[in-house]
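Summarising the annotation, TrEMBL assigns compositional bias 'Basic and acidic residues' to 1-21. Residues annotated as region 'Disordered' in TrEMBL: 1-50, 508-532. The domain 'Catalase core' annotation in TrEMBL covers 28-416. As annotated by TrEMBL, heme binding site applies to Arg72, Arg112, Phe161, Arg358, Tyr362, Arg369. For His75, Asn148, the entry in TrEMBL reads active site. The compositional bias 'Polar residues' feature in TrEMBL is assigned to 518-532.
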Amino acid sequence: MADPADRADRKQEQLDRRRVSPEGAALTTDQGIRVDDTDNSLSAGERGPSLMEDFQLREKITHFDHERIPERVVHARGAGAYGHFTLHESLADYTTAEFLTDTSLTTPVFVRFSTVAGSRGSADTVRDVRGFATKFYTRQGNFDLVGNNMPVFFIQDGIKFPDFVHAVKPEPPNEIPQASSAHDTLWDFVQLQPETMHMMMWLMSDRALPRSFAMMQGFGVHTFRLVNERGAGTFVKFHWKPKLGTHSLAWDETQKIAGKDPDFNRRDLWDRINDGDFPEYEFGVQLVPEEDEHRFGFDLLDATKIIPEEEVPVRPVGTLVLDRNPDNFFAETEQVAFHLGNVVPGIDFTNDPLLQARLFSYLDTQLIRLGGPNFPQIPVNRPVAEVRNHHRDGYHQMDLHQGQASYHKNSLSGGCPAVGGAGSFSHYQERVDGRKIRKRSESFADHYSQATLFWNSMADWEKEHIVGAFRFELGKCDHKHIREGVVAHLNHVDHDLAVQVAKGVGVAPPEAPATANHGRSSPALSQANSPAESVQGRKVAILAADGVDSAAVTAVGDALTEAGAVCDVLAAEDGFVQAANGGQVEVTRAMPTVASVLYDAVFVPGGEESVRTLAQDGDAVHFVAEAFVHCKAVGALDAGIGLLERAGITGVRFADGDVVSDAGVVTGEGASAEFPRRLVEAVAAHRHWTRAKAHVPA
Ligand code: HDE
């Protein structure tokens with residue numbers, strides 16, 4: 001019979017034993033004593049002093065005083081979910097890790113997504129890297145893949161990490177700015193540390209503004225090693241690819257969302273899972289035989305480099321589905337403790353100096369954050385594999401270790417727990433030889449050519465966004481020498497990029513390239529090439545007022561919903577609007593409580609009276625104009641087209657007479673199956689980035 005750990009619910013069954021429900025329960029103290037009054041403290045007379053003996057008051061206040069733990073020093077803000085991993089193709093030739101070789105297994109997981117720089121209460125949609133950390137509860141023990149949504153990193157050697165983090169975090173004198181890299185210290189670090197350039201290209205790209213955690217790639221970043229039965233190693237890079245494609249928000253939109261709904265990405269994840277629209281990712285590997293270690297023009301141990309997918313294709317082997325929200329944010333999402341060193345037999349490390357430093361950091365950080373060495377016993381961290389060892393005592397010890405012997409070797413517990421045997425972890429036997437030195441390898445010296453590769457691979461609109469991001473961020477730097485320093489590095493990446501950025505930030509544009517652009521590109525790097533054919537989980541606003549054409553609301557709403565979108569009817573006030581045909585249409589939300597930035601698309605149904613009212617409502621006009629400016633699908637039927645005109649969308653022209661691109665603007669007359677189909681298609685395209693920039697005020 002198969003081991004019960006090959007079921008995804010194995011972890012949930014384990015958690016069930018720790019779940020505590022208030023239903024039907026009486027209020028008690030921590031000692032289980034029922035409480036008769038928790039609103040009034042014990043005092044000497046009605047207006048007298050509180051009494052020391054009030055153990056209920058003391059216990060309640062004391063617990064409250066100790067509710068906070070230190071937030072993570074990086075990745076403080078996060079959102080988590082449970083799910084399961086299934087394998088479609090065995091990697092048995094390369095690894096002994098069961099969850100990567102046995103296609104009959106379903107492995108439970110917990111994933112935590114995060115931003116990096118901001119505090120726990122910061123906004124979700126800031127320009128930042130996103131963490132994508134996965135804990136696989138395998139039958140051989142926990143494997144943690146602690147990755148990001150960008151495949152490279154800022155630095156090559158972990159000893160620079162405290163410097164980098166100090167530079168990107170709010171500045172010491174005044175703790176400004178929160179969750180932002182647009183300030184002097186970060187860019188000072190960058191201009192003095194050119195190894196950051198490749199990652200800065202990613203950070204200034206739309207990758208730093210994901211629309212949803214479900215539309216974000218994940219990368220293990222480092223080169224790891226798979227080890228097979230014969231002890232032979234293969235280099236590996238781990239990849240996650242979202243089923244919905246990789247898509248981003250518009251920069252202006254992210255800033256507005258940060259105020260309108262700072263929990264935007266967290267809420268999106270929560271709602272998707274609650275609605276049964278489970279985020280799904282393909283798990284893939286890039287495999288490099290050991291003998292090919294030196295065949296690339298870069299070092300596999302350098303975490304500022306990718307292996308272009310065109311050179312080594314990503315081989316899809318498994319699927320991750322996130323299908324359950326946590327019960328309690330603190331207990332699970334806050335207390336989950338990832339550690340790069342959590343590997344199972346068949347997965348091992350390389351000498352990447354960034355990776356090596358991380359192997360120290362993660363365990364160390366949990367000791368202060370979770371207050372002692374027993375954090376692996378916290379329910380979310382506990383493996384489904386049995387844990388038996390001679391570790392004892394320490395703060396918050398939860399287990400009742402039986403027996404006389406807490407040492408190895410022993411004869412008093414029959415020599416148990418036994419060491420070794422089938423399935424034991426045995427380290428990859430890499431030959432190591434060398435002098436003790438502090439020196440970066442020459443093979444790590446090229447800081448520009450992959451930054452150039454990234455730039456060359458971008459669509460025009462992606463390039464525009466990157467230039468805009470550099471201009472914004474550097475424009476926030478007070479020190480001109482810092483802006484100049486960064487432009488000088490950009491001139492090694494691409495001359496045109498450097499000139500465009502220089503112009504925006506008041507720096508003399510370089511006259512000639514510092515390094516010639518090599519002209520190579522990697523199409524897999526562009527989000528323009530990511531699938532965009534699904535409206536799954538897309539949010540569409542339908543604007544209505546009294547007199548709305550309810551048949552259009554229903555027909556278009558149904559078509560979108562059927563295709564997987566979520567439609568909200570918005571009106572000036574909550575409740576119902578009267579339809580033109582006498583019926584009623586239920587309002588999902590009052591317009592003042594939401595904003596266009598919280599939606600992927602907007603549809604204006606017909607109905608003369610409804611549209612006349614909307615055209616006089618600043619919120620509604622702004623809603624449509626702003627959705628257009630953010631390149632979203634905008635649909636209108638019949639009289640609804642009038643609202644688009646009122647918002648200045650239709651018929652807009654440049655001074656030189658070119659009509660603004662109307663890509664993604666879908667209009668139609670009368671009821672037909674054609675209109676909903678075209679609108680669904682326009683929403684599925686995600687954004688119509690080729691649409692000309694803001695010629696409409698919003
Ligand atoms: Fe981390 N990182 N990191 N990091 N990291 C942490 O661990 C660190 C790096 C990443 O959702 C901390 O538990 C060092 C690369 C994620 O709980 C800390 C270095 C990548 C998360 C830490 C790096 C990451 C962390 C803070 C350079 C992408 C959030 C709290 C040597 C591959 C995990 C904690 C979660 C968290 C240290 C570099 C990803 C301090 C020293 C490269 C996704 O231990």
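For all residues, glycine too, the Cβ spot is worked out from N, Cα and C.
Cβ environment of Tyr362 (heme binding site): Val146, Ala337, Phe338, His339, Leu340, Gly341 lie under 8 Å away, each six or more residues apart in the same chain. Remark: of the recorded positions Arg72, His75, Arg112, Arg358, Arg369, the most isolated position is Arg369 (fewest other Cβ atoms within 10 Å of its Cβ). Its own atom aside, the Cβ of Phe161 (heme binding site) has 18 Cβ atoms within 10 angstroms in the protein chains shown.
When other Cβ atoms within 10 Å of the Cβ of Asn148 (active site) are tallied across all protein chains shown, the result is 24.
Across the structure, Arg358 (heme binding site) and Asn148 (active site) are spaced 14 Å apart at their Cα atoms. Taken through DSSP, the compositional bias 'Polar residues' (518-532) splits into 6 helix, 0 strand, 9 coil.
Between the C-alpha atoms of Arg72 (heme binding site) and Asn148 (active site), the distance comes to 16 Å. Recorded residues Arg369 (heme binding site) and Asn148 (active site) have their alpha carbons 21 Å apart, per Cα-Cα distance. The two recorded residues His75 (active site) and Phe161 (heme binding site) have their Cα atoms spaced 14 Å from each other.
Our reading of the heme binding annotation (Arg72, Arg112, Phe161, Arg358, Tyr362, Arg369) yields a largest Cα to Cα distance of 21 angstrom. The secondary structure of Asn148 (active site), as reduced to three states from DSSP, is extended strand.
Rounded to a whole number, the distance between the Cα atoms of Asn148 (active site) and Arg112 (heme binding site) is 11 Å.
Secondary structure by DSSP for the region 'Disordered' (1-50): 11 helix, 4 strand, 35 coil. Recorded residues Asn148 (active site) and Phe161 (heme binding site) have their alpha carbons 15 Å apart, per Cα-Cα distance.
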